[in-house]
Each structure stands twice: as structure tokens, then as C-alpha cells.
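Swiss-Prot has this to say about the protein:
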BINDING   15-22, 92-96, 154-157  GTP binding site
DOMAIN    6-241  domain 'tr-type G'
MOD_RES   GLY2  N,N,N-trimethylglycine
MOD_RES   LYS3  N6-methyllysine
MOD_RES   LYS3  N6,N6-dimethyllysine
MOD_RES   LYS31  N6-methyllysine
MOD_RES   LYS80  N6,N6,N6-trimethyllysine
MOD_RES   LYS317  N6,N6-dimethyllysine
MOD_RES   LYS317  N6-methyllysine
MOD_RES   LYS391  N6-methyllysine
REGION    15-22  region 'G1'
REGION    71-75  region 'G2'
REGION    92-95  region 'G3'
REGION    154-157  region 'G4'
Amino acid sequence: MGKEDKAHINVVVIGHVDSGKSTTTGHLIYKCGGIDKRTIEKFEKEAAELGKGSFKYAWVLDKLKAERERGITIDIALWKFETPKYYVTVIDAPGHRDFIKNMITGTSQADCAILIIAAGTGEFEAGISKDGQTREHALLAYTLGVKQLIVAINKMDTTQWSQARFEEIIKETKNFIKKVGYNPATVAFVPISGFNGDNMLEASTNCPWYKGWEKETKAGKSTGKTLLEAIDAIEQPKRPTDKPLRLPLQDVYKIGGIGTVPVGRIETGVLKPGMVVTFAPSNVTTEVKSVEMHHEQLAQGVPGDNVGFNVKNVSVKDIRRGNVAGDSKNDPPVGAASFTAQVIVLNHPGQVGAGYAPVLDCHTAHIACKFAELLEKIDRRTGKAVETSPKFIKSGDAAIVKMIPSKPMCVEAFTDYPPLGRFAVRDMRQTVAVGVIKAVDKTQAVAGKVTKSAAKAAKK
């Protein structure tokens, strides 16, 4: 397979604070990744000087994280590694303050979650206890549509690679992920030591009892031994090029001599020069003159591409961040008057009732929305109603809620356009709830502004 033919996939690494996420991820990036030797030697030298020699892989990741948090845009290649079949990007590791928010408004949807579980005595139990972060992260991943999962049982060296401990942990973890919603038969369970790099890329010699992992999905059965093989066995996601265009704007620039240039990530569909696009909820329709990515002109942009595109006769005042561009002839986006969503309250100190009006982060929009009506309280696992018209909901509860945005916003049902159908509820500077949109009451598009070039292009 030629280098260019490899598919790109995104993984998110989840697990308890001390499960060894950084060390494990650092190791993969270190061994198969985009970090050049010079950088690594520099990091190793610094780590040794600070007496952190033992943490060198985690140190690599900490350095990257620190630079990222300081707003230094890190060469994103550093967060990539290669398997025989894929280019893999690690989109975020929890522990990062905004992990939950990032996962939802996410720069990209993860195709697979890697759940790292620590095998140490007491560690495992703490990690998946009732109030554990692990449960929350796994639930989030599942709720937000990350349908594939790999479980890595880490720190096996601390248990002397005990088969009994491994089997005990697998039994417990299977129950745990089943409750979250995953089917254990479709999941690879891999014993590793991220610290020693054992069973990560090459089969470990420390566990002669280990016969390998196997999983069975609709696509068939696959088996392997190492974590790398498990990542390689992720099923390639279908990218939604066949859906109508949805492109949430991240920014709108005014560039001298060129004009107005909206910038954003194509979530679904394709964007081509000559297309007539409508921006919602601004309700402005115009023609796309050119599309570019990394300063190169594109014949077309596809899902996942971060593009800038030049539009005719539209001023920077007409459109803004949070607007969504779509094809004016193919299910164009419109604003939402209200919508119903399944909301899961994660950590709110009090009770949430009708009238609560926090800020919603949905794709690039950031808008206050009112909980107009609590329709029913539901069981998080089954989705079945347990109470109609509850007065309040609290942390741990899930409910179907009717929501009304305080000003026009463009959202979609999760089943139609996933990236525009999930949101984070922010209050008190933290994510207090997450939601998945079930249905949208779309405002009837009144005749908006149609530029001359759009009218002309439409006649063609």
C-alpha cells in the first residue's frame, strides 16, 4: 500500500487520571510517530536533568500538552502515529481542562476510543468505581457516537503479568462497558505495559499464557496480540461526503483585494467553487468563488478539511462564527426556533428545572439557551422514560428537554448531521451537562439576502 493511500482515523484516549494514558500515548507516538529524533533527545536530556528519566514517554506528552496549553500551536504531526494500515491522530487526552467540551464541539469526531485501565491493586477498582472519571468518559464517548472501543489493561508489569488478575479485570471491565452501552464481543482487550513498551508494538514475552485478543463485529472476526494490531483492526469509518453540505464557520476574515473569506471545517458534504451557499441563521445566500486549504486552491473540499472560501458581495457584518454554510439547492441549513434534546447532567451542584438558561456550545456556536420544558426523565442506559414532566433533574440524570435558543442558532438532529447535533452545556466555567439533539423545529426561512452573483449563478 502506497504511503498516500493510507486512511486517516482519529482516536481519543480515555481512562482514570493515573491509568497511564500519557505514558502509553507518548510511547505510541514515540515509537511510530511524528516526533523527530532531535526533539526526543532534547526532551530526554531535560527529563534526565530533572530526574524524570523514568517518565520519558509521559514527559514527551507533557511537553506537547504544555506547549499546547500555552497556545503555542504544536505541529500537529506530533500527535500522529502510523500503523500498517492507518495514519492515526490522537485528538485529545482527558485531563486536559476542556476535554469534555472538546470531545463534543470537538475539532473532530473520534472513530474509536482507547480506554486505558490500570491493573494495579486498588488502582483498577478506583478507576471504575461509581463516581470514577472512567465511567463518565466512557459514557460520553458512547453517547457522542464513538461506536468503536479498545480496552488496554495497562501496568501489567506491576502485577508480574498475572493471568488471574488480567482475567479478573476483563470480567469486571466487560460488565462495566456493557452498562455504558458497548458490546464486549466487539472490543479487543489488550494487556500492556506503557512504561516498558511491552505488548504495544511487539508481542510480549512476559505472558506466555496470553493467546491474544479477538473481537467480532458485523464486518467479521479479527484477532491479534498487540495494541498496535488492535488499532490497526479499527474499522474504517465512512466519511459523510454523500450528505448535504454543512460547514460551521470558525471565523470570517476580510482580506484586502480578495474580500470576505469565511473559514471552517467541512463536517458533511462537499464544497466546490461555483456553488451557491446559504448561511444560517443569517439567511444570506451567495456564490463561492474559490476554496482553499493550507494556501492551496482546491477543486473541492471534503469532510474533515479545514477550508477558507471566498464569497462575493457579502460583508463581514453579514455572517459570523457559529453560522453554518450549506448548499442552497440541497437541504439548506436554517435557524432553529426550538429543539428537543436528550440531556445528561454531569456535574451540577443543584437542581436543574424549567427556566434554566446556560450557554450551549454546539459546533462553533456559543449561545444561551433556555430549558423551556422538561418532557421526561429517562434511564441513561436504555433510553426508556422513567418519569414524565419531572420538576427537576440533578447530576447523573438524563432527560428529554425542549430548548429555546436566546438568539437564532443553527443546529440539526444528531441522526442527520452528528457534528451539529451534540452540544455541551456550560455554566460556572465548566461543562455541567451534555446533550444530543433529537428533533429540530426549524424556523421558516423568510426571504433573506441573496447576492447578485448568487442570483446570476442560480440561473446558469
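The backbone N, Cα and C atoms fix where each Cβ goes, and this holds for glycine too.
If you draw a 10 Å sphere around the CB of LYS317 (N6,N6-dimethyllysine), it holds 10 other CB atoms from the protein chains shown.
Secondary structure from DSSP puts MET156 (GTP binding site) in a helix.
Note on proximity: of the modified residues LYS31, LYS80, LYS317, LYS391, the one nearest MET156 (GTP binding site) is LYS31, by Cα distance. Cβ neighbour count for MET156 (GTP binding site): 29 (other Cβ atoms within 10 Å of its Cβ, all protein chains included). Look at LYS317 (N6,N6-dimethyllysine): DSSP puts it in coil. Most other Cβ atoms within 10 A: among the recorded positions GLY15, LYS80, that distinction falls to GLY15. Using a 10 Å Cα-Cα cut-off around ASP18 (GTP binding site), the modified residues LYS31, LYS80, LYS317, LYS391 reduce to an empty set.
Reduced to three states, the DSSP call for LYS391 (N6-methyllysine) is coil. Taking CA atoms as the reference points, GLY15 (GTP binding site) and LYS391 (N6-methyllysine) are 34 Å apart.
For the region 'G2' (71-75), the predicted model reports an average pLDDT of 40. Taken residue by residue with DSSP, LYS21 (GTP binding site) is part of a helix. For the pair formed by LYS391 (N6-methyllysine) and LYS31 (N6-methyllysine), distance between Cα atoms is given as 54 Å, rounded to the nearest Å. Neighbour counts of Cβ atoms within 10 Å were taken for the recorded positions LYS21, LYS31; the minimum is at LYS31. Ranked by CA distance from LYS31 (N6-methyllysine), the recorded positions LYS21, LYS80, LYS317 have LYS80 at the top as the closest. For LYS317 (N6,N6-dimethyllysine) paired with LYS21 (GTP binding site), the C-alpha to C-alpha distance reads 44 Å. Counting every protein chain shown, 14 other Cβ atoms lie within 10 Å of the Cβ of ASP18 (GTP binding site).
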